[in-house]
Amino acid sequence: MERAKHLDPLDHATMYNHPTYPVICIITEPGFLLLVRCPEGMADSNGVGRFPVLGCTETTPIDSVGRKSILDLAAPRRRQNVSCDILVIAKDPVPIMDNASKRISSPSCTTHVPQEPEQELILIKFDEGDPRDPQNFSYVRKWAITLTCCVFAGITAASASSYSISYESMMHDLNCTQLQATVGLSLYVVGFGIVPLISSSFSEECGRRPLYIVSSVLFMLAEVMNALAPNIQLVIVSRALQGVFGSTGASLVGGSIADIWQPHERGLPMSLFAFSSIFSFGLGSVFGGLIAANPHLGWRWVQWVHVMISGAYVLDVILVMSETRSSIVLAHIAKDARKMTGDPRYRSSAEIDKPSMSSLIKTSCTRPLYLLMTEPIVQSFSIWSGFTWGVVYCLLESVPTEFQSVYNFSVSETGFVFLCQSVGAIIGLMANMYQETLYRKYFPIKGQEARLYMACVAGVVLPVSMFIYAWTVTPNIHWMVPLIALTAFMSGVFIIFQVSFLYLADCYGPYTSSAQAGQSLARNFMALVFPLFTQQMFAGMTYKWGLTLWALLSVAMAPIPWVLLLFGSKIRSHSKISRKILEAEQQQLDGEKTVVSSPTKQTSMEV
């Protein structure tokens with residue numbers, strides 16, 4: 001290439017849309033900038049034009065003729081201090097790293113944070129439309145990430161139901177009691193209630209993608225441990241580990257969806273999340289029953305099939321999953337900027353006054369409990385969804401016994417009974433799609449409570465379907481009747497499962513994770529406790545009256561969504577947390593409407 005000083009800059013120049021000045025530029029060799037004469041009217045009183053380089057906190061004057069390495073210009077310690085006419089910035093992104101795969105080439109916004117001169121920081125932000133912002137991912141990429149997350153939720157749900165359907169084979173092989181086998185099911189649920197309180201802090205420190213990868217690998221290894229277990233004690237330990245590692249990944253799904261989808265776009269992705277969990281409950285029982293009923297396979301092959309599916313998922317999450325937590329993405333950009341420029345002042349907002357891991361864990365453990373104890377909305381949904389989830393796990397215990405004793409179903413046929421859960425999930429998905437239409441229509445009138453219309457319907461469907469199921473499982477009534485009741489019940493469960501996520505997210509904004517964690521803790525605690533006394537309760541009360549008791553309790557809880565629909569806004573107005581959220585939103589709104597002078601300076605930067 002001909003040297004720059006032999007070129008006529010004005011013949012080869014193009015205009016660069018600088019935020020302050022129309023900078024004349026010319027593209028030279030990669031990694032170098034060309035300096036040309038400052039057009040008339042753009043110089044200061046001394047005839048010198050000074051312009052920012054790569055977001056530096058002060059302008060960088062350099063020679064008026066020749067070329068300079070970008071790194072020489074950007075590094076504060078090597079900055080040249082001689083007069084110039086104008087600094088020319090290349091029109092196209094200029095590579096500043098040798099490894100193109102690590103190159104940062106799209107614009108981000110930097111803000112100078114006023115502090116002491118020696119402590120001044122440069123805050124890295126996303127520009128509007130920045131493709132690195134997870135909110136700006138393409139729809140294809142968003143759906144690939146969403147489906148990858150939902151598959152993990154489906155795998156963990158199927159692991160619970162397929163385990164319970166294979167009790168008979170396991171008890172015969174390991175010479176254990178049904179209560180011992182049930183402990184393995186209950187401890188699996190413990191992980192989903194407790195572990196996310198701690199693991200959520202690691203997503204703030206490490207990001208979501210590493211947790212997905214690590215938890216999916218360890219979940220698969222725990223399944224291998226289960227398949228090879230020589231006794232029931234090791235089965236119980238492996239099930240507890242499966243719950244720990246499975247909950248770590250599955251608990252991130254809601255947050256991952258919130259990372260990449262705008263609030264008005266989250267309805268369908270969240271419906272698919274709930275659908276994958278409920279649908280897989282039924283699907284896991286179907287294939288678990290078919291495998292366990294085969295005398296040449298048995299319960300161990302149920303676990304081996306799970307190992308194969310989990311192994312395929314590990315490859316999927318490594319290849320498809322991207323980091324979706326914006327604070328982590330910005331931290332990586334700031335780290336690369338510090339490395340390439342030699343300027344230690346580049347920081348993301350998450351790196352400024354960053355709390356310690358111990359304080360993060362303390363907050364993530366105590367705040368959900370605080371919301372669970374003090375917030376009526378969180379309490380009511382926790383009790384309602386927790387009771388419903390506990391009944392679902394009771395059905396995992398009671399349905400096989402009832403259909404085998406009353407209708408003489410085999411193990412494989414009983415597995416197909418659970419297919420009604422999958423059908424119920426499909427009906428619930430369609431109901432929630434209609435709920436999205438209602439939400440968009442009535443949100444201007446009802447606000448957040450517009451999420452609750454189908455929940456009110458579910459509040460009626462649940463007790464009615466439970467009564468029908470309790471009183472129709474008899475030899476004189478065809479087995480299709482209780483199956484229809486179970487299908488209606490599971491459609492109501494699906495609606496509650498999804499509404500609990502969306503409604504709490506709408507109500508608690510930045511505290512959504514804590515509110516959902518508190519609700520999840522209560523829900524999974526009941527799923528832990530209910531199966532432990534189900535058999536004893538049914539033995540003493542019979543299935544008919546035991547299920548009737550559940551139906552009566554469901555009647556007592558049916559008014560919950562109606563009360564929230566009518567009085568939810570008033571309840572939230574008396575909440576300290578809700579008032580704080582509303583005040584923050586109002587301040588942000590006022591800030592957007594008011595223009596004031598600010599010492600904070602923002603510039604665009606190419607790094």
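Note that Cβ sites are derived from N, Cα and C of the backbone, with glycine treated the same way.
Predicted automatically and left uncurated, TrEMBL annotations should be read as such.
What TrEMBL says about this one:
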TRANSMEM  143-165  transmembrane segment
DOMAIN    145-571  domain 'Major facilitator superfamily (MFS) profile'
TRANSMEM  177-198  transmembrane segment
TRANSMEM  210-228  transmembrane segment
TRANSMEM  272-292  transmembrane segment
TRANSMEM  304-322  transmembrane segment
TRANSMEM  369-389  transmembrane segment
TRANSMEM  409-431  transmembrane segment
TRANSMEM  452-471  transmembrane segment
TRANSMEM  477-504  transmembrane segment
TRANSMEM  549-569  transmembrane segment
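Of the ranges 143-165, 177-198, 369-389, the one with the most Cβ pairs under 8 Å to the transmembrane segment (210-228) is 143-165. Same-chain residues lying 6 or more positions outside the transmembrane segment (477-504) and placing a CB less than 8 Å from one of its CB atoms are 254, 266-267, 270-271, 273-275, 277-278, 282, 377-378, 381, 384-385, 388-389, 392, 395, 399, 403, 407, 409, 417, 420-421, 423-425, 427-429, 431-432, 435, 448, 451-452, 454-455, 457-459, 461-462, 464-466, 468-469, 512, 515-516, 519, 561, 564. Beyond the ends of the transmembrane segment (409-431), by six or more residues, the same chain brings 161, 165, 168-169, 271-272, 274-275, 278-290, 292-293, 399-400, 403, 454, 457, 479, 483-484, 486-495, 498 to within a C-beta distance below 8 angstroms of the stretch.
Using a Cβ-Cβ cut-off under 8 Å and counting only residues 6 or more beyond its ends in the same chain, the transmembrane segment (143-165) has close neighbours at 137, 184-185, 188-189, 192, 212, 216, 219, 223, 239, 242, 246-247, 249-250, 252-253, 256-257, 260-261, 269, 272-273, 275-285, 287-289, 292, 302, 306, 309-310, 313, 316-317, 320-322, 324, 396-397, 400, 411, 414-415, 418, 421. Long-range neighbours of the transmembrane segment (304-322) within the same chain, counting only residues 6 or more positions beyond its ends whose Cβ lies under 8 Å from a Cβ of the stretch, are 134, 137, 141, 144-145, 148-149, 151-152, 155, 158-159, 162, 209, 212-213, 216-217, 219-220, 223-224, 227, 287, 291. A Cβ distance under 8 Å defines the sequence-distant neighbours of the transmembrane segment (452-471), meaning residues of its chain 6+ beyond its ends; these are 388, 391, 431-432, 434-435, 438-439, 442, 481-482, 484-486, 488-489, 491-493, 495-496, 499, 503, 543-548, 550-552, 554-555, 557-562, 564-565, 568. Only residues 6 or more beyond the boundaries of the transmembrane segment (177-198), in the same chain, are considered here, and those with a CB under 8 A from a CB of the stretch are 156, 159-160, 163-164, 167, 170-171, 232, 235-236, 239-240, 242-248, 250-251, 361, 364-365, 368, 393, 396-397, 517, 520-525, 527-529, 531-532, 535.
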